[in-house]
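*Asks:* Provided herewith is a single structure, encoded as structure tokens, for subsequent inquiry.
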Amino acid sequence: MAQTLAAFLKAQSAPESLKGLIAGIADGCVRISHAVRQGATADMLGTAGDTNVQGEVQKTLDLAADDIMIDVCRAAPGVVAAASEEQDGIVPVAQAGPHEGWLVLFDPLDGSSNIEVNVSIGTIFSVLPAPMVETPRDPVAEDFFQPGRDQVAAGYVVYGPQTLLVFTLGDGAFGFTLEPVSGEWVLTHDRIAVPAETKEFAINASNQRHWHEPVQRYIADCLAGTTGPRGKDFNMRWVASMVADVNRIMMRGGVFMYPADRKDPSKPGRLRLMYEAAPMAMVMEQAGGAASDGTKALLDVVPDALHQRVPVMLGSKAEIETLLTYG
Ligand code: AHG
Ligand code: MN
Ligand code: MN
Ligand code: MN
């Protein structure tokens with residue numbers, strides 16, 4: 001009998017409140033998966049009529065998933081504050097004090113552009129330690145400005161043909177599939193190991209005219225095939241849901257890129273550091289892969305804003321090393 005998430009968590013040495021939080025997030029994602037699967041039958045498709053702090057139109061499911069994740073944070077013991085793609089500022093839950101506590105960040109629904117077309121979407125989460133302070137005080141946004149390296153847990157759920165939870169507590173990455181009849185999360189991917197080499201890349205090629213020169217050269221070499229400098233034929237995949245693209249790479253290797261480009265010089269890439277890039281980077285590193293912003297490990301980037309964007313290059317370790325030689 002395969003191990004359940006509950007049995008797996010019980011056997012981990014992490015603090016009880018952190019394990020409780022992971023179990024709560026997993027439960028919340030089961031609720032989100034139900035909303036995803038209801039689709040048009042429960043008016044779950046379409047827009048909600050508002051925009052988020054980054055100017056994106058919010059979908060009904062973006063907000064439904066956000067509500068569920070905030071509920072999870074309010075119910076889980078030890079959570080001091082939450083932050084979300086869909087919330088301008090932090091959501092205070094409890095006071096920071098002279099005790100252990102958690103700050104939770106999430107992208108409640110990743111890949112919103114794929115909702116209406118029934119393509120895989122997901123949820124991404126990151127857990128940071130709350131500051132321990134002698135005199136209890138309310139949490140502030142600055143408490144969250146810790147590098148990804150400080151995360152105590154990170155993971156994602158893909159709502160695809162299977163509902164799959166992949167997470168790390170800092171000692172390997174593990175995948176649990178939601179068994180549809182029992183509703184139980186079952187360990188199906190034990191200590192995921194991302195192949196170091198690959199012949200597959202993921203990038204939104206419609207931005208090619210905006211790319212900087214090193215990205216142009218790297219992709220050109222991939223496309224040159226067996227007679228080019230890379231000496232092999234590359235395949236390309238782009239789901240346009242980061243969770244689905246990164247999950248594919250977790251399972252069979254590959255490289256995922258959302259670089260900074262010349263399209264809008266005020267934006268260093270499209271993806272958000274704290275609830276997209278950093279948690280995916282931790283999971284990827286824990287599975288033996290690599291994650292970089294082009295100059296340094298993504299996990300070493302120190303945030304100074306909740307919604308800041310960052311260039312992302314992650315995946316098979318040897319391929320990321322090759323990519324970084326392009327400058
Ligand atoms: P979100 O739906 O949470 O705003 O994130 C969308 C992100 C990410 O999932 C994906 O990799 C990227 O946007 C897709 O970008 P393009 O539309 O440029 O392909
Ligand atoms: Mn969005
Ligand atoms: Mn996203
Ligand atoms: Mn989102």
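Quick reminder: no glycine exception, Cβ is built from N, Cα and C everywhere.
Marked as Mg(2+) 1 binding site by TrEMBL: E85, D107, L109. The Mg(2+) 2 binding site annotation in TrEMBL covers D107, D110, E276. Per TrEMBL, substrate binding site is recorded for D110, G111, S112, S113, N204. Taken from TrEMBL, the feature domain 'Fructose-1-6-bisphosphatase class I N-terminal' covers 11-189. The annotation domain 'Fructose-1-6-bisphosphatase class 1 C-terminal' is assigned in TrEMBL to 194-324.
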*Asks:* Going by Cα-Cα distance, pick out whichever of the binding-site residues S113, N204, E276 is nearest to D107 (Mg(2+) 1 binding site).
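*Replies:* With Cα distances computed to D107 (Mg(2+) 1 binding site), the winner among S113, N204, E276 is E276.
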*Asks:* Let me know how many other Cβ atoms fall within 10 Å of the Cβ of D110 (Mg(2+) 2 binding site).
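*Replies:* Excluding its own Cβ, D110 (Mg(2+) 2 binding site) sees 29 Cβ atoms within 10 Å.
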*Asks:* Those binding-site residues, D107, L109, D110, G111, S112, E276: which ones have a Cβ sitting under 6 Å from ligand 2?
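*Replies:* Only S112 qualify.
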*Asks:* Under 8 Å Cβ to Cβ from L109 (Mg(2+) 1 binding site), same chain, six or more residues apart: give me those in sequence order, or none if nothing qualifies.
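*Replies:* Spatial neighbours, sequence-distant, of L109 (Mg(2+) 1 binding site): I32, K59, L61, D62, A64, A65, D66, I115, I121, G122, T123.
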*Asks:* Give me the sequence-ordered set of same-chain residues, not including D110, G111, S112, S113, N204, with a C-beta within 8 angstroms of the centroid of the substrate site's C-beta atoms.
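*Replies:* Here the nearby residues are N114, I121, A240, S241, M242.
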*Asks:* So which binding-site residues are near E85 (Mg(2+) 1 binding site), with CA atoms within 10 Å, out of G111, S112, S113?
*Replies:* none
*Asks:* List the other residues in this chain whose Cβ sits within 8 Å of the Cβ centroid of the Mg(2+) 2 site residues D107, D110, E276, in sequence order.
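*Replies:* After dropping the recorded site residues, what remains is E85, F106, G111, G122, T123, I124, Y156, M242, V243, L271, R272, Y275.
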*Asks:* Counting by DSSP, what is the helix, strand and coil composition of the domain 'Fructose-1-6-bisphosphatase class 1 C-terminal' (194-324)?
*Replies:* 56 helix, 21 strand, 54 coil
